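What follows is a single structure, written as C-alpha coordinates, with notes after it.
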Amino acid sequence: MYPNLYYFFNEAFDVSIPVLRHINTAGFFIALCFFPAAWIWKKCMIEKEGKGLLLPVKRVLYKGSAHPVTYYAYPHETTEPVIIIAAVTGIIGSKISGALEEPALFLQDALGELLSTSGFSFYGGLVLASVVIWFYYQRRGMRPLIIADCMTPAFMIAYGVGRLGCHFSGDGDWGVTNFNAKPVSWLPGWAWAYRYPHNTLREGVYIPGCTWDDYCNQLGAPVYPTSLYEAVVCITLCFVLYSMRNRFKYAGQLWAVYLVLNGIERFLIEQIRINSHYNILGIAVTQGEMFALLFVATGLILFYSIPAYKKHIDYAALSGSRLQHPVTDSRNNQTDSADINE
(Lines of atoms letter the chains of each structure in order from A and count residues from 1; the text may use other names and numbers.)
(Lines give C-alpha, C1' and ligand atoms only; values in the text may rest on other atoms or scores of the structure.)
Protein backbone atom coordinates (compact mmCIF):
# COMPACT_ATOMS: atom_id res chain seq x y z
CA MET A 1 0.00 0.00 0.00
CA TYR A 2 1.05 3.60 -0.54
CA PRO A 3 -0.19 6.10 2.07
CA ASN A 4 0.98 8.93 -0.19
CA LEU A 5 2.56 9.31 -3.61
CA TYR A 6 6.05 9.68 -2.17
CA TYR A 7 6.20 6.00 -1.28
CA PHE A 8 4.83 4.96 -4.66
CA PHE A 9 7.44 6.84 -6.67
CA ASN A 10 10.17 5.81 -4.26
CA GLU A 11 9.36 2.11 -4.63
CA ALA A 12 8.33 2.06 -8.30
CA PHE A 13 11.01 4.37 -9.74
CA ASP A 14 13.59 4.58 -6.94
CA VAL A 15 13.29 8.37 -6.76
CA SER A 16 12.79 10.53 -3.68
CA ILE A 17 10.47 13.53 -4.13
CA PRO A 18 9.70 14.87 -0.63
CA VAL A 19 6.87 17.15 -1.77
CA LEU A 20 4.85 14.06 -2.76
CA ARG A 21 4.48 13.20 0.93
CA HIS A 22 1.74 15.84 1.02
CA ILE A 23 -0.35 14.13 -1.67
CA ASN A 24 -2.34 11.32 -0.10
CA THR A 25 -3.04 8.38 -2.36
CA ALA A 26 -6.73 8.26 -1.44
CA GLY A 27 -7.10 12.00 -2.08
CA PHE A 28 -5.27 11.67 -5.39
CA PHE A 29 -7.74 9.05 -6.61
CA ILE A 30 -10.69 11.10 -5.39
CA ALA A 31 -9.42 14.00 -7.50
CA LEU A 32 -8.68 11.64 -10.39
CA CYS A 33 -12.16 10.12 -10.42
CA PHE A 34 -13.75 13.38 -11.58
CA PHE A 35 -11.91 13.35 -14.92
CA PRO A 36 -13.45 10.20 -16.45
CA ALA A 37 -16.76 11.12 -14.82
CA ALA A 38 -16.76 14.59 -16.42
CA TRP A 39 -15.78 13.15 -19.81
CA ILE A 40 -18.57 10.55 -19.85
CA TRP A 41 -21.12 13.00 -18.46
CA LYS A 42 -20.29 15.65 -21.06
CA LYS A 43 -20.34 13.09 -23.87
CA CYS A 44 -23.85 11.99 -22.85
CA MET A 45 -25.05 15.60 -22.57
CA ILE A 46 -23.79 16.44 -26.07
CA GLU A 47 -25.51 13.33 -27.41
CA LYS A 48 -28.82 14.40 -25.85
CA GLU A 49 -28.39 17.91 -27.26
CA GLY A 50 -27.83 16.45 -30.73
CA LYS A 51 -31.17 14.64 -30.47
CA GLY A 52 -32.99 17.77 -29.32
CA LEU A 53 -33.59 16.35 -25.84
CA LEU A 54 -31.53 18.98 -24.04
CA LEU A 55 -31.88 22.54 -25.25
CA PRO A 56 -29.75 25.68 -24.92
CA VAL A 57 -30.89 28.26 -22.40
CA LYS A 58 -31.23 31.93 -23.26
CA ARG A 59 -29.07 34.21 -21.11
CA VAL A 60 -28.96 37.99 -20.99
CA LEU A 61 -25.92 39.89 -19.77
CA TYR A 62 -26.19 43.49 -18.61
CA LYS A 63 -29.97 43.18 -18.46
CA GLY A 64 -31.63 46.57 -18.09
CA SER A 65 -28.69 48.42 -19.60
CA ALA A 66 -28.66 50.22 -22.93
CA HIS A 67 -26.65 47.41 -24.52
CA PRO A 68 -27.77 44.01 -23.20
CA VAL A 69 -25.99 40.96 -24.57
CA THR A 70 -27.93 37.80 -25.35
CA TYR A 71 -26.31 34.40 -25.70
CA TYR A 72 -27.29 30.75 -25.43
CA ALA A 73 -25.82 28.46 -22.78
CA TYR A 74 -25.76 24.80 -23.74
CA PRO A 75 -26.29 22.21 -21.01
CA HIS A 76 -22.99 20.42 -21.72
CA GLU A 77 -21.15 23.68 -20.93
CA THR A 78 -22.26 23.32 -17.30
CA THR A 79 -20.39 20.04 -16.83
CA GLU A 80 -17.16 21.50 -15.45
CA PRO A 81 -18.70 23.87 -12.87
CA VAL A 82 -21.23 21.24 -11.78
CA ILE A 83 -18.44 18.69 -11.31
CA ILE A 84 -16.84 21.15 -8.88
CA ILE A 85 -20.19 21.59 -7.12
CA ALA A 86 -20.55 17.80 -6.95
CA ALA A 87 -17.03 17.46 -5.52
CA VAL A 88 -17.57 20.04 -2.78
CA THR A 89 -21.07 18.91 -1.77
CA GLY A 90 -20.04 15.27 -2.10
CA ILE A 91 -17.15 15.73 0.32
CA ILE A 92 -19.37 17.61 2.79
CA GLY A 93 -22.11 14.99 2.60
CA SER A 94 -19.60 12.15 2.91
CA LYS A 95 -18.05 13.67 6.02
CA ILE A 96 -21.43 14.23 7.66
CA SER A 97 -22.51 10.67 6.84
CA GLY A 98 -19.17 9.31 8.04
CA ALA A 99 -19.51 11.21 11.32
CA LEU A 100 -22.94 9.66 11.88
CA GLU A 101 -21.41 6.23 11.32
CA GLU A 102 -19.04 6.77 14.29
CA PRO A 103 -21.06 9.11 16.56
CA ALA A 104 -18.86 8.51 19.62
CA LEU A 105 -15.72 9.70 17.85
CA PHE A 106 -17.59 12.67 16.39
CA LEU A 107 -18.87 13.79 19.78
CA GLN A 108 -15.37 13.60 21.27
CA ASP A 109 -13.79 15.80 18.60
CA ALA A 110 -16.36 17.12 16.13
CA LEU A 111 -14.09 19.62 14.39
CA GLY A 112 -11.19 17.19 14.18
CA GLU A 113 -13.39 14.50 12.64
CA LEU A 114 -14.84 16.89 10.06
CA LEU A 115 -11.39 18.16 9.04
CA SER A 116 -9.66 14.77 8.99
CA THR A 117 -8.68 13.10 5.70
CA SER A 118 -10.49 9.89 6.67
CA GLY A 119 -14.00 8.95 7.76
CA PHE A 120 -15.84 9.47 4.48
CA SER A 121 -19.09 7.67 3.68
CA PHE A 122 -20.07 7.60 0.02
CA TYR A 123 -23.84 7.61 0.34
CA GLY A 124 -24.06 10.87 2.25
CA GLY A 125 -22.05 12.55 -0.48
CA LEU A 126 -24.15 11.02 -3.25
CA VAL A 127 -27.43 12.14 -1.69
CA LEU A 128 -26.32 15.72 -0.97
CA ALA A 129 -24.61 16.16 -4.34
CA SER A 130 -27.65 14.78 -6.20
CA VAL A 131 -30.06 17.13 -4.42
CA VAL A 132 -27.88 20.20 -5.05
CA ILE A 133 -27.33 19.31 -8.72
CA TRP A 134 -31.07 18.72 -9.19
CA PHE A 135 -31.94 22.20 -7.94
CA TYR A 136 -29.07 23.70 -9.95
CA TYR A 137 -30.57 22.49 -13.22
CA GLN A 138 -34.19 22.97 -12.18
CA ARG A 139 -33.56 26.66 -11.51
CA ARG A 140 -31.91 27.05 -14.91
CA GLY A 141 -34.81 25.61 -16.85
CA MET A 142 -32.94 22.47 -17.88
CA ARG A 143 -34.49 19.03 -17.55
CA PRO A 144 -33.06 17.42 -14.38
CA LEU A 145 -34.36 13.93 -15.22
CA ILE A 146 -32.59 13.85 -18.58
CA ILE A 147 -29.43 15.20 -16.99
CA ALA A 148 -29.72 12.58 -14.23
CA ASP A 149 -29.66 9.90 -16.92
CA CYS A 150 -26.51 11.49 -18.34
CA MET A 151 -24.91 11.50 -14.89
CA THR A 152 -25.64 7.83 -14.22
CA PRO A 153 -22.54 6.18 -15.79
CA ALA A 154 -20.43 9.12 -14.59
CA PHE A 155 -21.39 8.59 -10.96
CA MET A 156 -20.67 4.88 -11.21
CA ILE A 157 -17.17 5.26 -12.65
CA ALA A 158 -16.34 8.05 -10.18
CA TYR A 159 -17.20 5.71 -7.33
CA GLY A 160 -15.17 2.88 -8.83
CA VAL A 161 -12.04 4.98 -9.33
CA GLY A 162 -12.44 6.45 -5.85
CA ARG A 163 -12.54 2.95 -4.40
CA LEU A 164 -9.18 2.22 -6.03
CA GLY A 165 -7.81 5.02 -3.86
CA CYS A 166 -9.21 3.31 -0.78
CA HIS A 167 -7.54 0.06 -1.77
CA PHE A 168 -4.11 1.39 -2.74
CA SER A 169 -3.86 3.59 0.34
CA GLY A 170 -5.15 0.98 2.78
CA ASP A 171 -7.49 3.45 4.46
CA GLY A 172 -9.42 0.86 6.47
CA ASP A 173 -12.13 0.21 3.91
CA TRP A 174 -11.51 -3.51 3.88
CA GLY A 175 -13.46 -6.63 4.69
CA VAL A 176 -13.69 -9.18 7.44
CA THR A 177 -10.98 -11.75 8.14
CA ASN A 178 -10.67 -14.30 5.35
CA PHE A 179 -8.90 -17.63 5.90
CA ASN A 180 -10.94 -19.43 3.25
CA ALA A 181 -9.27 -21.18 0.34
CA LYS A 182 -9.33 -19.42 -3.02
CA PRO A 183 -12.41 -20.40 -5.03
CA VAL A 184 -10.38 -20.65 -8.27
CA SER A 185 -6.67 -21.32 -8.77
CA TRP A 186 -6.06 -18.48 -11.25
CA LEU A 187 -7.17 -15.75 -8.82
CA PRO A 188 -4.16 -13.87 -7.36
CA GLY A 189 -3.80 -14.31 -3.62
CA TRP A 190 -3.90 -10.54 -2.97
CA ALA A 191 -7.30 -10.35 -4.69
CA TRP A 192 -8.78 -12.92 -2.30
CA ALA A 193 -7.15 -12.29 1.07
CA TYR A 194 -4.83 -9.37 1.79
CA ARG A 195 -3.04 -7.98 4.84
CA TYR A 196 -2.70 -4.37 3.61
CA PRO A 197 0.99 -3.72 4.38
CA HIS A 198 1.90 -0.07 5.10
CA ASN A 199 -1.79 0.82 5.51
CA THR A 200 -2.70 4.42 6.26
CA LEU A 201 -4.34 3.59 9.59
CA ARG A 202 -1.14 1.92 10.87
CA GLU A 203 -3.25 -1.04 11.98
CA GLY A 204 -1.93 -4.52 12.65
CA VAL A 205 1.54 -5.84 13.44
CA TYR A 206 4.97 -4.40 12.73
CA ILE A 207 6.66 -5.36 9.44
CA PRO A 208 10.23 -6.49 10.26
CA GLY A 209 12.91 -4.35 8.62
CA CYS A 210 10.44 -1.69 7.48
CA THR A 211 11.88 1.75 6.64
CA TRP A 212 8.60 3.51 5.79
CA ASP A 213 8.63 5.94 8.72
CA ASP A 214 5.27 5.66 10.51
CA TYR A 215 3.70 3.27 7.99
CA CYS A 216 5.25 -0.03 9.03
CA ASN A 217 2.21 -2.10 9.94
CA GLN A 218 0.19 -4.77 8.22
CA LEU A 219 -2.94 -6.52 9.38
CA GLY A 220 -2.39 -9.50 11.63
CA ALA A 221 -4.77 -11.61 9.56
CA PRO A 222 -5.75 -11.43 5.87
CA VAL A 223 -9.06 -9.80 4.98
CA TYR A 224 -11.29 -9.50 1.94
CA PRO A 225 -10.09 -6.55 -0.22
CA THR A 226 -13.62 -5.22 -0.54
CA SER A 227 -12.63 -1.83 -1.93
CA LEU A 228 -10.94 -3.62 -4.83
CA TYR A 229 -14.08 -5.66 -5.47
CA GLU A 230 -16.21 -2.53 -5.51
CA ALA A 231 -13.83 -0.79 -7.89
CA VAL A 232 -13.97 -3.65 -10.40
CA VAL A 233 -17.75 -4.07 -10.16
CA CYS A 234 -18.59 -0.35 -10.37
CA ILE A 235 -16.26 0.40 -13.27
CA THR A 236 -17.83 -2.55 -15.09
CA LEU A 237 -21.33 -1.28 -14.25
CA CYS A 238 -20.37 2.12 -15.66
CA PHE A 239 -19.97 0.56 -19.10
CA VAL A 240 -23.15 -1.47 -18.64
CA LEU A 241 -25.15 1.67 -17.83
CA TYR A 242 -23.53 3.59 -20.67
CA SER A 243 -24.57 0.86 -23.11
CA MET A 244 -28.15 1.13 -21.76
CA ARG A 245 -28.39 4.92 -22.10
CA ASN A 246 -30.76 4.80 -25.11
CA ARG A 247 -32.81 1.76 -24.15
CA PHE A 248 -35.45 3.30 -21.91
CA LYS A 249 -38.60 5.07 -23.00
CA TYR A 250 -38.79 7.70 -20.26
CA ALA A 251 -36.29 10.14 -18.80
CA GLY A 252 -35.19 9.17 -15.31
CA GLN A 253 -35.54 5.42 -15.75
CA LEU A 254 -31.81 4.94 -16.31
CA TRP A 255 -31.17 6.85 -13.07
CA ALA A 256 -33.63 4.52 -11.35
CA VAL A 257 -31.71 1.50 -12.66
CA TYR A 258 -28.50 3.05 -11.32
CA LEU A 259 -30.03 3.34 -7.85
CA VAL A 260 -31.08 -0.32 -7.93
CA LEU A 261 -27.70 -1.59 -9.17
CA ASN A 262 -25.80 0.63 -6.75
CA GLY A 263 -27.93 -0.56 -3.86
CA ILE A 264 -27.57 -4.25 -4.74
CA GLU A 265 -23.80 -3.93 -5.14
CA ARG A 266 -23.40 -2.18 -1.81
CA PHE A 267 -25.74 -4.48 0.10
CA LEU A 268 -23.82 -7.54 -1.07
CA ILE A 269 -20.40 -6.10 -0.27
CA GLU A 270 -21.60 -5.09 3.20
CA GLN A 271 -21.91 -8.78 4.07
CA ILE A 272 -18.11 -9.18 4.06
CA ARG A 273 -17.09 -5.62 4.95
CA ILE A 274 -15.91 -4.18 8.28
CA ASN A 275 -18.45 -1.64 9.49
CA SER A 276 -20.21 -0.17 12.49
CA HIS A 277 -23.63 -1.65 13.22
CA TYR A 278 -26.86 -0.04 14.40
CA ASN A 279 -29.48 -1.90 16.39
CA ILE A 280 -32.89 -1.25 14.86
CA LEU A 281 -35.80 -3.22 16.31
CA GLY A 282 -33.37 -5.86 17.46
CA ILE A 283 -31.76 -6.19 14.03
CA ALA A 284 -28.08 -5.31 13.56
CA VAL A 285 -27.64 -3.32 10.33
CA THR A 286 -24.91 -1.11 8.91
CA GLN A 287 -25.39 2.37 7.52
CA GLY A 288 -24.41 1.02 4.11
CA GLU A 289 -27.11 -1.65 4.26
CA MET A 290 -29.76 0.90 5.18
CA PHE A 291 -28.79 3.22 2.32
CA ALA A 292 -28.53 0.27 -0.07
CA LEU A 293 -32.04 -0.96 0.69
CA LEU A 294 -33.37 2.60 0.45
CA PHE A 295 -31.72 3.03 -2.94
CA VAL A 296 -33.12 -0.24 -4.28
CA ALA A 297 -36.63 0.63 -3.08
CA THR A 298 -36.41 4.20 -4.42
CA GLY A 299 -35.08 3.00 -7.76
CA LEU A 300 -37.86 0.46 -8.22
CA ILE A 301 -40.55 2.97 -7.27
CA LEU A 302 -39.12 5.58 -9.65
CA PHE A 303 -38.74 3.16 -12.54
CA TYR A 304 -42.38 2.05 -12.44
CA SER A 305 -43.94 5.37 -11.40
CA ILE A 306 -42.24 7.64 -13.94
CA PRO A 307 -44.50 6.50 -16.83
CA ALA A 308 -47.57 7.44 -14.76
CA TYR A 309 -46.18 10.90 -13.95
CA LYS A 310 -48.22 13.44 -15.92
CA LYS A 311 -45.13 15.47 -16.79
CA HIS A 312 -43.00 12.51 -17.79
CA ILE A 313 -40.57 12.97 -20.66
CA ASP A 314 -40.97 10.46 -23.48
CA TYR A 315 -37.60 10.23 -25.23
CA ALA A 316 -39.04 8.85 -28.47
CA ALA A 317 -41.76 11.50 -28.77
CA LEU A 318 -39.40 14.30 -27.84
CA SER A 319 -36.58 13.33 -30.19
CA GLY A 320 -39.11 12.80 -32.96
CA SER A 321 -40.43 16.35 -32.73
CA ARG A 322 -38.79 18.88 -35.05
CA LEU A 323 -38.01 21.91 -32.90
CA GLN A 324 -37.61 25.12 -34.85
CA HIS A 325 -36.49 27.27 -31.94
CA PRO A 326 -34.72 25.13 -29.32
CA VAL A 327 -34.21 27.96 -26.87
CA THR A 328 -35.36 28.13 -23.26
CA ASP A 329 -35.91 31.35 -21.34
CA SER A 330 -34.29 30.56 -17.98
CA ARG A 331 -36.05 33.43 -16.27
CA ASN A 332 -39.61 32.18 -16.66
CA ASN A 333 -38.79 28.55 -17.56
CA GLN A 334 -40.90 28.74 -20.73
CA THR A 335 -39.84 27.54 -24.15
CA ASP A 336 -40.25 28.64 -27.73
CA SER A 337 -41.90 25.34 -28.62
CA ALA A 338 -44.89 23.80 -26.89
CA ASP A 339 -43.46 20.39 -27.75
CA ILE A 340 -40.93 20.62 -24.94
CA ASN A 341 -42.99 22.12 -22.18
CA GLU A 342 -42.88 20.01 -19.04
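Placement of Cβ uses the backbone N, Cα and C atoms for every residue, glycine included.
Here the structure is a predicted model, which means the values were calculated and not measured.
Sequence annotations record features per position, and here TrEMBL assigns transmembrane segment to 20-41 (among others).
Positions annotated as transmembrane segment by TrEMBL: 82-100 (among others).
Counting same-chain residues at least six beyond the ends of the transmembrane segment (120-137), those with a Cβ under 8 angstroms from any Cβ of the stretch are 75, 78, 82, 85-86, 89-98, 100-101, 143-144, 147-148, 151, 155, 159, 162, 266, 287-288, 291, 295. Annotation source TrEMBL lists transmembrane segment at 120-137 (among others).
Long-range contacts of the transmembrane segment (227-244) within the same chain, counting only residues at least 6 positions beyond its ends with a Cβ under 8 Å from a Cβ of the stretch, are 40, 44, 152-154, 156-157, 159-161, 163-164, 166-167, 173-174, 191, 254, 257-258, 261, 265-266, 269. Look at TrEMBL and you will find 227-244 (among others) tagged as transmembrane segment.
Residues 53, 123, 143, 145-146, 148-149, 151-152, 155-156, 159, 226, 229-230, 233-234, 237, 240-241, 244, 288-289, 291-296, 298-300, 302-303, 306-307, 312-315 of the same chain sit 6 or more residues outside the transmembrane segment (250-269) yet have a Cβ under 8 Å from a Cβ within it. The feature transmembrane segment is assigned by TrEMBL to 250-269 (among others).
Taken from TrEMBL, the feature transmembrane segment covers 290-309 (among others). Beyond the transmembrane segment (290-309), the same-chain residues lying 6 or more positions past its ends with a Cβ under 8 Å from any Cβ of the stretch are 123, 145, 249-253, 255-260, 262-267, 270, 278.
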